[in-house]
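Undergrad: Quick one: this structure, given as structure tokens, is what I'll be asking you about.
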Amino acid sequence: MTKTMLRALKGETLPTPPIWLMRQAGRYLPEYRATRAQAGDFLSLCYTPDLAAEVTLQPIRRYGFDAAILFADILLLPQALGADLWFETGEGPRMSTITDMAGVTALKGRDDIHETLAPVYETCRILARELPKETTFIGFAGMPWTVATYMIAGRGSKDQAAAHKLKDTDRPAFEALMDRVTEATIEYLAKQVEAGCEVVKLFDSWAGSLKGQDFEDFAVAPAKRIVSELKARFQGLPVIAFPREAGEGYIGFAEKTGADCVAIDNSVSPEWAAEKVQAGRTCVQGNLDPKYMVTGGEELVQATKRVVEAFRNGPHIFNLGHGITPEADPENVTLLVETIRGK
């Protein structure tokens with residue numbers, strides 16, 4: 001097996017870690033901005049397979065990353081379930097809201113999502129054909145808690161208050177929504193794998209707002225269910241889980257859920273994560289602060305070397321602790337890749 005990304009996910013410690021970046025297809029790249037303008041708007045870009053495949057390929061052509069991640073959005077799934085979704089300029093995503101059991105029961109079933117998502121699967125098929133043979137192809141979905149927070153509040157929020165309120169005041173409706181999203185997520189990811197994805201990543205952007213038993217019930221348990229069902233269908237399928245800002249919750253997350261790799265954010269130090277999470281055996285992905293993609297220079301070189309050094313005694317995939325920002329300088333990404341690969 002020659003793909004370095006897959007070797008790391010199988011638990012191999014490599015002399016040079018594979019590298020890719022969250023949001024590597026994004027607004028920091030002039031070629032992305034040009035293709036997005038051609039699409040007209042963000043959702044049209046997601047749902048036009050040729051253009052979505054093109055923006056997925058752009059950072060691979062430019063930087064030779066070890067992995068490409070499907071260009072899509074975690075909110076395409078709730079849209080496929082029947083939620084209204086639109087993007088406000090400068091404001092981000094907006095959705096119709098679910099506040100009770102009636103809203104949950106009005107959603108489509110898990111087998112009725114594929115008509116809406118068919119263009120995403122076509123994007124996967126194009127990329128499976130066109131990606132370089134050494135590049136690993138990652139599919140993804142949002143985790144149920146994070147997706148549910150948007151479906152309940154109708155927008156992103158700093159504290160996920162609306163979702164916590166529903167969880168605490170109408171537990172049956174909340175749990176029914178989580179179940180619906182979990183089931184649909186499994187079917188969505190299965191179709192991505194059937195269309196050519198080699199790895200799947202689960203993004204739980206708001207996992208950090210779940211504390212104590214809630215973290216176990218609504219971050220760990222859904223991840224475990226998704227991982228086990230996918231691995232039952234696709235033997236040996238590698239899964240990366242990213243319970244962002246989980247802190248101590250990162251410890252043992254891979255073991256509890258069956259994920260092959262845990263992605264970590266930059267609120268924890270690489271040294272702490274190497275000792276507590278990687279522990280010489282668990283694959284860890286991360287965790288350079290995205291700010292260095294803006295500042296660059298010797299600061300970037302030293303911070304990059306620190307991350308590589310911290311994780312060098314176990315399986316490691318180099319990434320940022322969060323998505324690369326629109327302010328990043330493309331030249332700094334070149335410097336990052338050269339630093340890691342010792343060019």
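Note: Cβ is positioned from N, Cα and C throughout, glycine not excepted.
Copied straight from Swiss-Prot:
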BINDING   R23, Q24, A25, G26, R27, F42, D73, Y150, S205, H322  substrate binding site
SITE      D73  site 'Transition state stabilizer'
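Give me the lay of the land around each of these features.
TA: Take the CB of R23 (substrate binding site) and look out to 10 A: across all protein chains shown you find 19 other CB atoms. DSSP assigns R23 (substrate binding site) to coil, not to a helix or a strand.
Under 8 Å, Cβ to Cβ, and six or more positions away along its own chain, D73 (substrate binding site) finds F42, L43, C46, P93. In three-state terms derived from DSSP, D73 (substrate binding site) belongs to neither a helical nor a strand segment and is classed as coil.
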Undergrad: If you measure every Cα to Cα pair among R23, Q24, A25, G26, R27, F42, D73, Y150, S205, H322, the residues listed for substrate, what is the largest value in Å?
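TA: This binding site's residues have a maximal Cα-Cα distance of 23 Å.
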Undergrad: Within 10 angstroms of the C-beta of R27 (substrate binding site), what count of other C-beta atoms is obtained when all protein chains are considered?
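TA: Counting Cβ neighbours of R27 (substrate binding site) within 10 Å gives 14.
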Undergrad: My understanding is the cutoff is Cβ-Cβ under 8 Å with a sequence separation of 6 or more in the same chain; which residues meet that for S205 (substrate binding site)?
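TA: When sequence neighbours closer than 6 are ignored, S205 (substrate binding site) has I74, G142, T146, F242, R244 within Cβ distance under 8 Å.
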